[in-house]
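Participant: Can you keep this structure in mind? I'll have questions shortly.
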Amino acid sequence: MKNAVIELDKVVFGWPEGQPVLDIPALNVAAAERVFVKGPSGSGKSTLLNLIAGIHTPLQGRICVLGQALHSQGSAWRDNFRADHIGLIFQQFNLLPYLSVLENVMLPCRFSMARNTRATERYGSLENAATQLLEHLGIPRDSLHRRGVTRLSIGQQQRVAAARALIGSPELVIADEPTSALDSDSRNAFLELLIRECDLSESTLVFVSHDSSLETHFSQVISLRDLNHAKELV
Amino acid sequence: MKVVLMLALRSLYNRRVTAIMTMISIAVSVALLLGVEKIRTEAKQSFSSTISGTDLIIGARSGSVQLLLYSVFRIGNATNNISWKSYQEIASQPSVEWTIPISLGDSHRGYRVLGTTGDYFKYYRYGRKHPLVFRDGHPFVALHDVVLGAEVAQTLGYQLGQKVIISHGIGSTSFSKHKDQPFTVVGILKPTGTPLDRTLHVSLAAIEAIHIDWQSGTYIPGSGGTTPLSERKLEPKQITAMLVGLKSKLSTFQLQRSVNNYRKEALQAILPGVALQELWGMLGVVESTLLVISGFVVATGLFGMLTVLMTSLTERRREMAILRSVGVRPWQVCLLLVLETGGLTLAGIVLAMLFLYGGLAICIPLIESHLGLYLELSLPGLYELKLLLLVFVTGLLCGLIPGYTAYRYSLADGMTVRL
């Protein structure tokens, strides 16, 4: 087996005094995989992402990301780890309204030396890195880069968010239903761009959606309903 | 830290309307605090500099504050007078260097008329031992000469040589006037910032002269006899109070005791400094009330800021989550809000200074001409700086409340953006 990026082993998660929400005997994602995690709402998708990103720690079991045992580390360490190695994209409203497009994209590098260094090494400067990523993702230079983000369409906003998740080439990119606000044409276009850029920066992509029509783009499909042994939430 | 500061400023700028409103409300409250403080210290300064260089004030026995009020501040009336004999006896004591007799009771259009001697202009001191200076003219020489205080001359528009009629008793609409004996303005004093500016000065002899035909408070022409004024010996029978300067401060208490124990008449000698302190102490309640009220106003301003920030937090949960997702640590989220309140408070304080000094620059001439209170446009003193520092630190600490809430939010919400 190739280098495992994500390893979950007998992971149980739940809120104190409540039923376990998540019970996953095993989950493995190899480096440079394109993983599609599908499941209806309420199936624990967000919880799974929060566990992988190290926001929450499991009640039982082991979670290793990039070979690091997250469950045995403190929250400050996990914060640093996440900032350095994980890029995140949400459903919508990903961007800070008071920063320009470029500043939004460069933001992760301001809080992670590792990503800053990688971006600068690869593109010469942080601004170059952001500009190039944006161009790759179809946000033309000059016309938009220095403007506020509020004038962008939702599709453009999501591509800016993708550029932000990808800057500094984090090993893992997690996307939480980033296409749910897009129409089907731009949905496929967005997905293609995202996957191409993940390939370029050799990042593993974990993509969560309830829309199984998208799963053809992915090399590995995980159905959370099959994976999760915890009882369905009512 | 630098990035967080940048984010805080940009975020504030994005919400600039509420931010500016908040800042102004803090600025107004802080300006009020500083203004009250300014007026308090300046009023105290101006108040205690009304009289200086005088060792004792002697009057009929009453209260020390009352004596101070009518002899120095021209407020209220004497309950009793001092006989001219007692005055002469005290004035001839070997330890006495100079005396100024004061005779009050008449007025001119609401301004008090003070009968005294030429020694008044020689020995009276105010502020840091400032002597009285004439703007125009000279002390009274002839019987019907009058010397005006600066405000009297300015408000009534009197010039040298002008005729002035004095009313009997006090009050601006007195019906009984000494019309038969008009006075001539021979001197106008420079402003002093004391009640002296609102006084007309005449000689004791003049006071006697205008009261010749008056019997028990009523004007009966001819009742004082027909001898021409120039041939009369116009010596007062009694005066209202006297100011005393001593050769040596060491004899102050000795003279005070001997005056207080004076057998022939019930007299009282007070130390002006002590009486001023006593009087200020009575006003101290007002003073501290003002300070407490302006303190509350500042607290209200800060509470307003807190309310605005706490309200905005719910809307900004998404912003916090986005920040967290790009690698901002929870403590940095807290710092962000502390920086915001700190920034708002600081900007409010700076604006308050502009308000205050701008306002003072406009108001000082007005206050001077209307209240006779001389404010100085001075830099904030140590006490003011301490107050400002206190406000700033309180503002920063206020930031910990939304800061902590945001910290909790960002731990609980994690990456999941909730609306």
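Glycine residues also receive a Cβ, built from the backbone N, Cα and C atoms like all the rest.
Pulled the feature table from TrEMBL, pasting it below:
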type     : residues  : note
TRANSMEM : B:17-36   : transmembrane segment
DOMAIN   : B:20-209  : domain 'MacB-like periplasmic core'
TRANSMEM : B:289-313 : transmembrane segment
DOMAIN   : B:292-409 : domain 'ABC3 transporter permease C-terminal'
TRANSMEM : B:334-367 : transmembrane segment
TRANSMEM : B:387-407 : transmembrane segment
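Each of the listed features needs to be described in terms of its position in the shown structure.
Facilitator: Residues 290-291, 293-295, 297-298, 300-302, 304-305, 308, 312, 344-345, 347-349, 351-356, 359, 380, 384, 387-388, 391, 395 of the same chain sit 6 or more residues outside the transmembrane segment (B:17-36) yet have a Cβ under 8 Å from a Cβ within it.
On the 0 to 100 pLDDT scale, the domain 'MacB-like periplasmic core' (B:20-209) averages 87 in the predicted structure.
Through the fold, the transmembrane segment (B:289-313) approaches residues 15, 18, 21-22, 25-26, 28-30, 32-33, 35-37, 40, 337, 340-341, 344-345, 348, 391, 394-395, 398-399, 401-402, 405-406, 409 of its own chain, all at least 6 residues removed from its boundaries and within a Cβ separation under 8 Å.
Long-range contacts of the transmembrane segment (B:334-367) within the same chain, counting only residues at least 6 positions beyond its ends with a Cβ under 8 Å from a Cβ of the stretch, are 1, 4-5, 7-9, 11-12, 19, 22-31, 33-35, 38, 301-302, 305-306, 309, 323, 328, 373, 375, 377, 380, 388, 391-392, 394-396, 398-400, 402-404, 406-407.
Long-range contacts of the transmembrane segment (B:387-407) within the same chain, counting only residues at least 6 positions beyond its ends with a Cβ under 8 Å from a Cβ of the stretch, are 26, 30, 33-34, 37, 298, 302, 305-306, 309-310, 313, 316, 320, 330-331, 333-342, 344-346, 348-349, 380.
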